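A.B. asks: Input: one structure, supplied below.
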Amino acid sequence: MDREEIYYGKHGEPRKFDPKFRGPIHNRHCTDVLCCVIFIVVILGYIALGIVAWVHGDPRKVVYPTDSHGQFCGQKDTPNENRTILFYFNILKCASPIVLINLQCPTTQLCVSKCPDRFATYIDMQASYRYKPDQWNYYRQFCKPGFNNPWKSVVQVIRDEDCPSMIIPSRPFLKRCFPDFSTKNGILTVANQTTFKDGRGKTRNVTDLREAANGINNVLDARSIGMKIFEDYASSWHWILIGLFIAMVVSLLFLVLLRFTAGVLFWIFIFGVIGMIGYGIWHCYWEYDHLRGIPGSDLTIYDIGFQTDFRVYLQLRQTWLAFMIILCIVEVIIILMLIFLRNRIRIAIALLKEGSRAVGYITSALFYPIITFILIAICISYWAVTAVFLATSGEPVYKVMANQTLCKYANLTCDPETFNTTNVTKLCSGAQCTFAFYGGESLYHRYIFIFQLANAFVFLWLVNFAIALGQCTLAGAFASYYWAFRKPADIPPWPLFSSFGRAIRYHTGSLAFGSLILAIVQLIRIILEYLDHKLKGTQNSFTRFLLCCLKCCFWCLEKFLKFINRNAYIMIAIYGKNFCASAKEAFFLLMRNVVRVAVLDKVTDFLLFLGKILVAGGVGVLAFFFFTHRIQVFTQEAPTLNYYWVPLLTVIIGSYLVAHGFFSVYAMCVDTLFLCFCEDLERNDGSTAKPYFMSASLHRILGKKELSPKKALG
């Protein structure tokens, strides 16, 4: 058995090291097997849930509207095949609060082939039927199928809801007939009229229709805007792809530039910040001195109290004095940090350069985010499809829709086949048994909400697992680079592919374990957000305060877990231990180098954020000049758009995401190299027997041994 060497950290804690360690261990064993088995069982159960939902669900319930009998409008091979639009007998009833309960309007709903295009009432039609029978032929298409008795009394027709008491000019939206609103001289009209007859002997204002179809006009306007946006995408999609390709090229160039100018970029930023703060101090002093002798400028902030116009405070000398003091304190802090942390900053910059060099040797890593994107896209698609099928699982449920608010049968379930034989219509005049929603009383239908929660939870678990797999794979590849004594000669062939194989074969359980913990916290956050949304209207301040505290705590917990998981996956990729052991070692290793962690994290975050902004901003400026026809060379090629900001925003956001994908690989590289660097310092002392594995540039910056390990042979 090989001997192990025991080293002691700064706080005296022993750590056992394999003296023959030369990079990511290849002779591994499976870790967190129990969690791996549970993960596989959950995936199989998730597939089974999708199959069951697929058997019971019917997405047509989302696409097609349903009439009062639960039949789809426009469904093929049914009597409603050519009737694709839903018509409301009395849309005025859609302003009833019961709509918010069942999402159904308490009036007869009928599938029609087209919406009405004129004002008419059943009373007027019946009065003129003898002279104008064609009016009945038009009106009857909005009556119940099979009804053909224009002489039936108006009272009976309205009671039995054979025909609507009125029809109004409408247009289809989302396959439903809504009043054709328009604005004329600032006045709301329907077909250029401000009033209409309701078919019950009253003349009403079209604003009543507006209340019944609240928000529909805005939605119709949004639909028009949506069509124009679709047209813009159709005419500019290829230019958008060109912009994203340019963003990819610029991102690669920025990573190459970062390799050679990381130090220059950082120091330019630092001295730029110092210079801007210095200018701010001078400007505050100038304003402070300029206000001397001006009446009222010597008043204090306490004297004038709180003012909604903040410009008032800028007329006070005390305000500028406070600004100047704050900026001086910030300036001093930054200068002191540069003085005392200069060596740490140099190491951080060297690690950034080393990261660029590692990415240069393992260029295939730059394209690994495509695999992560595909895996996450599959998860999102499966979750969305399963959610739709679960939501559309069930059988039609009918409820009593009554106009009378005191009807004790209102909102109770009913059977449309036997409803007319009951006493409900006698006790509640005008009540009817109307389709409400799809549901059921079976065991499956009772637990659909639980199934939806399970669907969301497994979705979060799988997405986090896909991200964890990518992090572990990249960490293993870049660790192979660091622990190669002669770079690049000792780098193993296909390091990314080998790392991916190790992660899948040996550490699926560990990656699933870390992802499970994070998914649980994220699900709790979603539940808290849902509760907060539901309780927004309440006046209970303590409940809202408690929810706010819980949301803040779980947000912090999620950020902490992401940090721990990320570093645990790096240790898993290097040593092949289980999740808990890797997380523990990573945590204590980082705590022993906490100053380096803080400095490196901020330096890396800033430079990568700067790169993302530069890529997105540069490509965005180019896209702005192109889509606004300001580049003379491409004036003819630039498409004519309704809204030039549509492709512009798409290019900017897409460019930022492209840059984020490339730079996330870079960030993972730097984090991996940093942990390896810390391990290298604790394992080796730079002697001939135990040389450092770090690059020559890092070794030069280190200058001398920072750690003199005590060792004992075991």
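Cβ from N, Cα, C; glycine included.
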A.B. asks: Transmembrane segment per TrEMBL sits at which of 81-101, 648-668?
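C.D. replies: Within the set 81-101, 648-668, TrEMBL attaches transmembrane segment to 648-668.
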A.B. asks: Most CB pairs under 8 Å with the transmembrane segment (458-485): which of 30-55, 361-385, 506-528?
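C.D. replies: Counting Cβ pairs under 8 Å, the winner is 361-385.
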A.B. asks: Sort out the residues at least 6 away from either end of the transmembrane segment (606-627), same chain, that have Cβ-Cβ distances under 8 Å to it, and list them.
C.D. replies: 236, 239, 243, 246-247, 250-251, 254-255, 258, 262, 265-266, 269, 352, 634, 638-639, 641, 644, 647-648, 651-653, 655-656, 658-660, 663, 666-667
A.B. asks: With a cut-off of 8 Å between Cβ atoms, can you find at least three pairs linking the transmembrane segment (648-668) to the transmembrane segment (30-55)? Only pairs 6 or more residues apart in sequence count.
C.D. replies: no
A.B. asks: Take the transmembrane segment (30-55) and find every residue of the same chain, 6 or more past its ends, with a Cβ under 8 Å from one of its Cβ atoms.
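C.D. replies: Residues packing against the transmembrane segment (30-55) from afar: 382, 385-386, 389-390, 393, 444, 451, 454-455, 458, 461-462, 465, 505-510, 512-513, 516, 572, 576-579.
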